[in-house]
């Protein structure tokens, strides 16, 4: 049944608001901290609705093609959701590199049994992974990463208005490349500590062969703990610099792929 003429402007504005809300919600649902269980659901919903209302006001008088079938609505909302998820998931993948660093140092340093529950991942993770994750999250907010990520998403509305285009599938290639960078980031940050701990284990093995009467358990654990603490402090600083160098290029690449290679819906 066709809608009444008086309701057409209201329905069109509602369509704009829903599409904007879908794009913003996709990012907030997958972005670090925003998409984890740390943030209350009411706060995330309020933030998504508030941002969407401000953006909707910019397109209040614009006329965009409105889908005439419910399947077309689903395609439009799916495209908006994909754009938002791309931004949040790209940054979250970088945070996964922090987990790799803590996992490597924890396993070699003898802290594999000291796993703690991390509600952000809903699983038990090494204690060092939680430490590095908290440090990177703090640095993420101190450097204004949350503003940069939200600003990059909001800037896409200027080139890809709500309900008009669909992000190119090549965004998936950017996310895959980000995953490889995240793995390299984790390995690079953990490499010095991993090598030092392995050398320490090798040295203690040689000493035990030379001096069998030495209490290897007491000396080995002490040396291993000192090396681990030393390189944990060094790795925290290195992780901050590596994460800072990768954050901006990742978000910028996703934005350029969304803006420059999006697919327009037929009018």
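Glycine is treated like the rest: Cβ placed from N, Cα and C.
Now, the feature entries from TrEMBL:
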type: TRANSMEM; residues: 12-31; note: transmembrane segment
type: TRANSMEM; residues: 43-61; note: transmembrane segment
type: TRANSMEM; residues: 73-95; note: transmembrane segment
type: TRANSMEM; residues: 130-154; note: transmembrane segment
type: TRANSMEM; residues: 183-207; note: transmembrane segment
type: TRANSMEM; residues: 214-243; note: transmembrane segment
Task: Long-range Cβ neighbours of the transmembrane segment (43-61) (under 8 Å; 6 or more residues past either end) - done: 13, 16-17, 20-21, 24-25, 28-29, 34-35, 150, 154, 157, 161-162
Task: Positions whose Cβ lies under 8 angstroms from the transmembrane segment (73-95), at least six residues beyond its ends - done: 18-20, 22-32, 34-35, 67, 133, 136-137, 145, 149, 152-153, 156, 160, 162-163, 165-167, 171, 174-175, 178-179, 181-182, 185, 243, 246-247, 250-251, 254-255, 258, 265
